[in-house]
Each structure stands twice: as structure tokens, then as C-alpha cells.
Amino acid sequence: MRVKHKKWAVPLMEAHPEMMTMDPASFKGRWQERFAKPQPLQVEVGMGKGQFIIGMAKAHPEINFIGLEIESTVAAIALKNALPEQLPNLTLVRGDGAGLDTYFEDGSIDRLYLNFSDPWPKTRHEKRRLTYKTFLANYQQVVKPGGGLEFKTDNQGLFEYSLTSLNNFGMIFDGVWLNLHESPENEGNVETEYEQRFASLGQPIYKLKAHFPVN
């Protein structure tokens, strides 16, 4: 998500270290210290303005959540949205999804979420897609054996590409939905900002769940 840079973004994030960190590598191996108590850990890569990760933290107090966003202004907007909620099981990160192995210990994450990622439609940009094989290898390193990944998008091309990429990587599919909002899987679904927008226009939302095999 790209928005115009706001001068207040970095100062706001610096003013709330209890909720936001811009130095995620310093917490490698000790993320649970940022929460009220140790619990299973789930991470959203590319949280945007935070609607999904905040909603998940509210709906699942038994799980600790981390929202990761590379764009400083967008991350700061997510912080503004999260602060009034005062959720003890949520922390936010200004960081790059390509650096998960520098932020998290091997096998420390229970589940990853990729929601409405940039499709990077040009072939020469394939390596930037969050479901490209090098990203999947990075995810496999930090996710627990047998741990899962959930992916939602409105982009049919990216979804089809991701199905192929995950399959070629050897991931095991737990579910594939070509119209999430018209399926039973939509019960309890926490929507993102983009998801609400595209669904209101009648655009089908695609979703997959998959996990890494246990060697």
C-alpha cells in the first residue's frame, strides 16, 4: 500500500514503543516479551492500515498477533487505529516482509497471513511477489513445522500464480475458495480495507489456506 508520506508518521511511531517497533531484529527470540502473556504467535505481512490484524486480535484474545508493514506512513496509520483499542495481544512492526528470518527465530510463528499483496503483474517483477519461491522459503524457515499460511486477494492472476507457486514448493493445501464471501468459510472472516472495497463492487475474493509439510 503506497500513500503520500506524512511528516507525523515517524514521530508518532517513535512515541509509542509499547505498541510499535521500527527495529524488529532487536526482538528476535523474545517477541513474547511484547505481549501480556506468552501465546501462539501469528503474523500478517503487509498489514496496511491495520483493520485485519486489529480485528483478529480482538476476535482471538488467546493468540498473540504481529502486524508488519514496510511503508512508514501506512504503518503509522495502523498505529493510530490500534492505539484506542489497547489490545494486550497485538504489536505492530515497521519492517520488510522479505526480512522475516532476521526478525524471527526458526519455527517461532504459528501462522502467516498475506492479504491483498501487490500483484506485481509484470514478469520481470515476479521475484517481488510475496508468494514467490524465495519468500516461501523464508516463511518456511520461521513458521513452525506444519504451520500454516493464509492468503486473500481480489486479483485472479496473482491467485492463480500463487496456487502454482505454493504447489511447486511442496506446500499442502487445506482449502481453496474462488468466491470467499459466498462460501461457508466467510463465517468469522475478518475483512481488510481492500476486501471491503472490492467486495462492495461485486468483485469475488479469492482465498487459500496451506501449510508446510513436516519433514
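We count from 1, first residue shown onward.
Just so it is clear, glycine is given a Cβ too, placed from its N, Cα and C backbone atoms.
The S-adenosyl-L-methionine binding site annotation in Swiss-Prot covers GLU44, GLU69, ASP96, ASP118 and is backed by sequence analysis. Take the CB of ASP118 (S-adenosyl-L-methionine binding site) and look out to 10 A: across all protein chains shown you find 14 other CB atoms.
Residues annotated as active site in Swiss-Prot: ASP118.
Counting Cβ atoms from all protein chains shown, ASP154 (substrate binding site) has 18 others lying within 10 Å of its own Cβ. Positions annotated as substrate binding site by Swiss-Prot, on the basis of sequence analysis: LYS122, ASP154, THR192, GLU193, TYR194, GLU195.
Look at Swiss-Prot and you will find 124-129 tagged as region 'Interaction with RNA'. Taken as a whole, the region 'Interaction with RNA' (124-129) shows an average pLDDT of 96 in this prediction.
Separating the Cα atoms of GLU193 (substrate binding site) and ASP96 (S-adenosyl-L-methionine binding site) is a whole-number distance of 20 Å. Broken down with DSSP, the region 'Interaction with RNA' (124-129) shows 5 helix, 0 strand, 1 coil. Spacing of ASP96 (S-adenosyl-L-methionine binding site) relative to TYR194 (substrate binding site) is 20 Å (Cα to Cα, whole number). Across the structure, GLU195 (substrate binding site) and GLU44 (S-adenosyl-L-methionine binding site) place their CA atoms 15 angstrom apart. It is 11 Å from the Cα atom of THR192 (substrate binding site) to that of GLU44 (S-adenosyl-L-methionine binding site).
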